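Here is what Swiss-Prot says about this protein:
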DISULFID  5-35  disulfide bond
DISULFID  13-32  disulfide bond
DISULFID  21-51  disulfide bond
DOMAIN    3-51  domain 'Kazal-like'
CARBOHYD  42  N-linked glycosylation site
């Protein structure tokens, strides 16, 4: 499973809830929050859903 993070980071994210579990074992609330972290901290996707 991969998430396309082209166009990130963004300055603000919506409050949409679509949890994604990152390789840092942190649950990100949605694609925007995950992609911001992926770009800034080189986090990858472990799986869709909470960690």
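If you go along the chain as it appears here, the first residue is 1 and each next one adds 1.
Every residue, even glycine, has its Cβ placed from backbone N, Cα and C.
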**Shortest C-alpha distance to residue 13 (disulfide bond) - which of the disulfide-bonded residues 5, 21, 35, 51** = 35
**Request:** State the three-class DSSP label for residue 21 (disulfide bond), counting H, G and I as helix, E and B as strand, and everything else as coil.
**Result:** strand
**Message:** Given a 10 Å Cβ-Cβ cut-off, pick out the one of the disulfide-bonded residues 5, 13, 21, 35, 51 that has the most other Cβ atoms nearby.
**Reply:** 35
**Spatial neighbour of residue 5 (disulfide bond) that is closest, considering only the recorded positions 21, 32, 42, 51 and their CA atoms** = 32
**Request:** Please spell out the DSSP helix, strand and coil residue counts for the domain 'Kazal-like' (3-51).
**Result:** 11 helix, 9 strand, 29 coil
**Prompt:** Distance between residue 42 (N-linked glycosylation site) and residue 35 (disulfide bond) at the Cα atoms, whole Å?
**Reply:** 9
**Neighbour count (Cβ, 10 Å) for residue 42 (N-linked glycosylation site)** = 9
**Complete:** Rounded to a whole number of Å, the separation of the Cα atoms of residue 51 (disulfide bond) and residue 35 (disulfide bond) comes to 16
